[in-house]
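Participant: Below, the features straight out of TrEMBL:
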- 4-62: domain 'Tudor' (DOMAIN)
- 53-114: region 'Disordered' (REGION)
- 66-75: compositional bias 'Low complexity' (COMPBIAS)
- 76-95: compositional bias 'Basic residues' (COMPBIAS)
- 99-110: compositional bias 'Basic and acidic residues' (COMPBIAS)
- 201-223: transmembrane segment (TRANSMEM)
- 248-267: transmembrane segment (TRANSMEM)
- 288-307: transmembrane segment (TRANSMEM)
- 319-338: transmembrane segment (TRANSMEM)
- 449-469: transmembrane segment (TRANSMEM)
- 475-494: transmembrane segment (TRANSMEM)
- 515-536: transmembrane segment (TRANSMEM)
- 556-575: transmembrane segment (TRANSMEM)
Amino acid sequence: MPNRRFADGEVVMGRWPGSVLYYEVQVTSYDDVSHLYTVKYKDGTELALKESDIKSQSSFKHRKSQSSSSSPSRRSTSRSRSRSPGRPAKGRRRSSSQSREHKDDKKKIIQETNLVLLKPSENNTRRYNGEPESTEKNDTACVILEQKLKPDLDMERVLEQYSLRPRKEEKKKEEIYSEKKIFEAIKTIEKASSKPKELEFGGRIGTFMLIFFLPAAVFYLLLMCKQDDPSLLNFPPPLPALESLWEARVFGVFLLWFFLQALFYLLPIGKVVEGLPLSDGRKLQYRINGFYAFILTAAAVGTLLYFQFELHYLYDHFMQFAVSAAVFSMGLSIYLYIRSLKAPEEELAPGGNSGYFIYDFFTGHELNPRIGSFDLKYFCELRPGLMGWVVINLAMLLAEMKIHNQSMPSLSMILVNSFQLLYVVDALWNEEAILTTMDITRDGFGFMLAFGDLVWVPFVYSLQAFYLVDHPIAISWPVAAAITILNGIGYYIFRSANSQKNNFRRNPADPKLAYLKFIPTATGKGLLVTGWWGFVRHPNYLGDIIMALAWSLPCGFNHILPYFYVIYFICLLVHREARDEHHCKQKYGLAWERYCQRVPYRIFPYIY
């Protein structure tokens, strides 16, 4: 086994990966298996480096002392004297020798810049993964080069103004021009490498098919729920006439609902918070007033019921409302893609900048499309679809009472409405937590989120209530109590896991979180290995799946259709978990591998 050259705690110079620049670091540990040193930079970044990428400080100090033997003042004085025609030849000889040294230094700068260009992918990959540290290091390198070139650029302007350029200075002009070309090449490479290398959802073909499959799946599920025997064997269901699927009045009601929620969003109530830093360092502001909007919506619906407005109108025209929402989401997606073509490069979504029209249209080309301060993605994420889900459930409850001549809704319908109402209220009460989710920080706003927020959430998530209207299920109180306990367990895991994560992200030094242990990472963040996050890697997903099962159990076991939501939710969360795994592995590197060894199960303990 080779001996260690550097000891723990020793301050050395470490090379930043992908460049020839060295920074002062402190050795924190050494891996005998991989023979890698874990070092910590001054800004808190931790990386694993080979021994060949680490040098002692003495070698750098020796070079520095050699280069600083002639003071800058003397060099500037000799440079100014060499340009005086009355100076003796000795002064000119000294100036020419020093200019040769200066020229050699500039050649070295160009060589260093070329070396940085040899491996730009590592730095750009880190930028793509949201690591501000590597971007900061790269930008610092560019600033150093600009500062070294600034005296020559200033002299360039003087010589151009007074036409005093000697012929020997022509080479300097060419070198400065070549350095400018290098900086332009760096920008070009960064733009090219910002495009995603791996396409999700089956790439261009997969996303093209999903644009048609998702609306077809929604209409199929709704048509099946209307059948007397909603068995999957009865395929295909009877298709309604096309003219019956569209009604202008229904589309007008949908538009009224959408713009009413937009009005509530714009009200100057609730606090204003900042989101996570963007790629250019900016932080967008968001008004947190979703819960207030929910109260205003409840008051508006209560007013309609007070004046005897028949809310089961939603049930009678449910397919038409679904078609109206799908048409609106498609129109919104087209608008979003057209406006994204004029968006600056730094405002594009990391995963929706592939250069392929269909793929970028589906995943979303622009990250945070805004009209003034109105954030379209953030608004659609929680407002019209999520609150519409609650209103649809209430309409189904009233429709059940009317169709079956009941003075009270069934116990099954009450359970479904109560469980899902709790879920929506919790999301609106903890609205600020959504700012750290992948939907907001990484996914663009395109057809996937527009259709998901406005169509899939309100019309598929309400599937259990829609099913119970025509297929009532009677359950006993003990069964209802058991289902309620199951939903409570799922909600407790979901909420407590998310609270641990969000509180730790906001203030890791909070004394209330002192019992939590974590693995430090190169990004400055920590990976929790105790609490719920030490139980499985995604405990919030586990809570989601348990709640989804509790929502479906009141529908009985006569048909599998009400359990579609559970199956879909498992597939969705497994897909998201795979995305999270890939993203975290790239972002946290060795720290994520250590975390996976510490927490081997992803969602289901002892299973997956």
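Glycine too: its Cβ is placed from the backbone N, Cα and C atoms.
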Participant: When the pLDDT values for the domain 'Tudor' (4-62) are averaged, what is the result?
Facilitator: 82
Participant: Counting only residues 6 or more past its boundaries, what in the same chain has a CB within less than 8 Å of a CB in the transmembrane segment (556-575)?
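Facilitator: Contacts with the transmembrane segment (556-575): 221, 224-225, 230-232, 412, 460-461, 463-464, 467, 471, 473, 475, 538, 541, 544-545, 548-549, 603.
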Participant: Over the span of the domain 'Tudor' (4-62), count residues by DSSP class, listing helix, strand and coil in order.
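Facilitator: Taking each residue of the domain 'Tudor' (4-62) in turn, the totals are 9 helix, 27 strand, 23 coil.
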Participant: Do at least three CB pairs under 8 A connect the transmembrane segment (515-536) and the transmembrane segment (449-469), leaving out pairs fewer than 6 apart in sequence?
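Facilitator: No; fewer than 3 Cβ pairs under 8 Å.
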Participant: Three or more CB pairs closer than 8 Å, sequence separation of 6 or more: does that hold for the transmembrane segment (319-338) against the transmembrane segment (515-536)?
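Facilitator: No, the transmembrane segment (319-338) and the transmembrane segment (515-536) are not in contact.
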Participant: Do any residues, 6 or more residues outside the transmembrane segment (201-223), come within under 8 Å Cβ-to-Cβ of it, and if so which ones?
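Facilitator: Same-chain residues near the transmembrane segment (201-223) but 6 or more away: 236-240, 318-319, 322-323, 326, 356, 358-359, 361-363, 447-448, 451, 455-456, 459-460, 463, 466, 561, 564.
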